[in-house]
Amino acid sequence: MKKETQNLQCIPLVISVLSLFGVSSARKPPYLCNRVCGGISIPFPFGIGGKECYLNPWYEVVCNTTTSVPFLSRINRELVNIYLPDPTEYYSNGVVHIKGPVTSSGCSTGTSQPLTPQPLNVAGQGSPYFLTDKNLLMAVGCNVKAVMMDVKSQIIGCESSCDERNSSSQVVRNKICSGNKCCQTRIPEGQPQVIGVNIEIPENKNTTEGGCKVAFLTSNKYSSLNVTEPEEFHSDGYAVVELGWYFDTSDSRVLSPIGCMNVSDASQDGGYGSETICVCSYGYFSGFSYRSCYCNSMGYAGNPFLPGGCVDIDECKLEIGRKRCKDQSCVNKPGWFTCEPKKPGQIKPVFQGVLIGSALLLFAFGIFGLYKFIKKQRRSSRMRVFFRRNGGMLLKQQLARKEGNVEMSKIFSSNELEKATDNFNTNRVLGQGGQGTVYKGMLVDGRIVAVKRSKAMDEDKVEEFINEVVVLAQINHRNIVKLLGCCLETEVPVLVYEFVPNGDLCKRLRDECDDYIMTWEVRLHIAIEIAGALSYLHSAASFPIYHRDIKTTNILLDEKYQVKVSDFGTSRSVTIDQTHLTTQVAGTFGYVDPEYFQSSKFTDKSDVYSFGVVLVELITGKNPSSRVQSEENRGFAAHFVAAVKENRFLDIVDERIKDECNLDQVMAVAKLAKRCLNRKGKKRPNMREVSVELERIRSSSYKSEIHNDDDDDDDDDDEDDQAMELNIEETWDVGMTAPASMFNNGSPASDVEPLVPLRTW
């Protein structure tokens, strides 16, 4: 039965909504209108904009777009605030606060004539406004009498004076205005709604006596400290007035309640409960019948003048629900709530939330841990595959056979090198070339190393690569960069060398610095150390090793400016009984032995030729990578040889050393370089002979005794020699089968990559 009653109640609700808002398909619902102006909320039945936004013109609010100040258009007063009916806040009716007029006299121009503004007019056919009983008539100043106008059959007013005798009694009675400098009085209820305020001068008082005087209606409660200064009220120009508002029941659109219960009906039925959403009270004012509706304060809040405007309050989330239920379960219901005993085993919501959150957190950690484990397993599997593919097992076997050499190369793990290079951070890059990148790193023992990460390696060269690593790891010479080890757990092998801090010889020859000047003595010392290192590689190592890429960019200088021969990327070891090595041509333009270029047979004399070019660089200070232009269009080496033969030696000596050098020594080294550059490898000295000869040249007792037995032969073969030089230059791009990056006519790759081999094994 109750359910049927509720269904029947929905019918008048729908009808009232349609009648109240004049709903049609073409009209916008009032809850979609603008509801704020100047920070003031404008709830329905008030509204801004079109007719669908407010109930009728009496409720229209005009929002000044420039100042964002709201005005009640029908009474032309600035709006301060709007309150919906709320019995809990002592607003049985709706309330609006507006700015009312202030009447003044003698405040600005010095005249005693009162300045009386337009009276406050809230009357009119259908006006829902009236002055509430919270408004008072106040007069502030000395010798001022405030009188309300337009109040028929009554004289309402008050009079203030400046009698100091009343000040003590004023404080005792704790009244704001008791006649001393200000006065106040209540206004009658149920009076017409056009009310003005005038100022009169009391009898037996001078019109100019007392200074500024003001009178006004207000609902504000002022303290006794600030109410006796009339100038402040005059400067403000307004006083806040409270108006009550209601629905006129003669309006056809509000004949049916919006699903609300009448208070009188509720009294007859013994009151209303939580099932009642909103309540309407009825009354009369000055002959008018009105209705005032509000949401049931027992469990609802909102705007009762909108469909569905009164919404249920969830008391379980408020202090009232928590206090009343305490250890019981709070259950929210429409309009109210109940406290029910907890079920056996029921967990508190907070504790339950902690358990669920902890479980989810553990689950997330488990998933993350599983992901990391799988990722680690996959990475380990890949590293094992790379290790086998890159010849790791073969290298282990080779190292096992070399037990006597404790300083053999070490096999680094990928984790070690990632940690050493900060995961191969780009900020650690020392150089970058066509075949790989070199990073500066620091091992766990504090050693600074150069880590070369190659770009590619042929799979059919794995065994050869491992053999070369083992051989190079055995090199132990103070003027040769030490190969510390390698890592085979990456896609391509990573090589680890000792770090050499002071760059390469080529850069030092081009750009001398103040802290280390490349004098002739320094250059000769460097040449001797290079020759000693190459002599060691060719004859003193376990197996003869041919460097195959001797050039100034591969000659590094350590912190003491001692020579370190580097870049063994194209090096080859040979057995004792081998006299040459047949390989794919590799090298750098300007340094390659012409005989090797034609035959592809590399011998120890090929390194001698390249060293001869380095000697020419030390003497001339010029770079062989750029061609020396001459009338005969000779190459760098041929130009030097011709200058020595034609006694133009002083023309090619570096200007920076010409004045301070021992010319006998320079001439001797030049002749030695000429022998190293002989087009016939058999006529070149070996590196041991070159090393001994350079030591003799440096000796203070040395005089030029360089053997030049082959000069005549060279003279006989000048034309062939020149033709050979030209042939090399003309066929360079075709004949060389090594990568193009190795034959850079500009700055060699090693200029920026001193430790990176030009080609990976």
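Cβ from N, Cα, C; glycine included.
Straight from Swiss-Prot, the features:
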type	residues	note
TOPO_DOM	27-349	topological domain 'Extracellular'
REGION	278-339	region 'Atypical EGF-like'
TRANSMEM	350-370	transmembrane segment
TOPO_DOM	371-761	topological domain 'Cytoplasmic'
DOMAIN	424-697	domain 'Protein kinase'
BINDING	Leu430, Gly431, Gln432, Gly433, Gly434, Gln435, Gly436, Thr437, Val438, Lys452	ATP binding site
MOD_RES	Thr583	phosphothreonine
MOD_RES	Thr588	phosphothreonine
If you count the C-beta atoms lying within 10 Å of each candidate's C-beta, which of the recorded positions Gln432, Thr588 ends up with the smallest number?
Gln432
Inside 10 Å of the Cβ of Leu430 (ATP binding site), count up the other Cβ atoms and send me the figure.
19
Going by DSSP assignments with H, G and I as helix and E and B as strand, what are the residue counts for the region 'Atypical EGF-like' (278-339)?
10 helix, 31 strand, 21 coil
Gln432 (ATP binding site) sits from Thr588 (phosphothreonine) (Cα to Cα, rounded, in Å) at a distance of 17
In DSSP terms, helix, strand or coil for Thr588 (phosphothreonine)?
coil
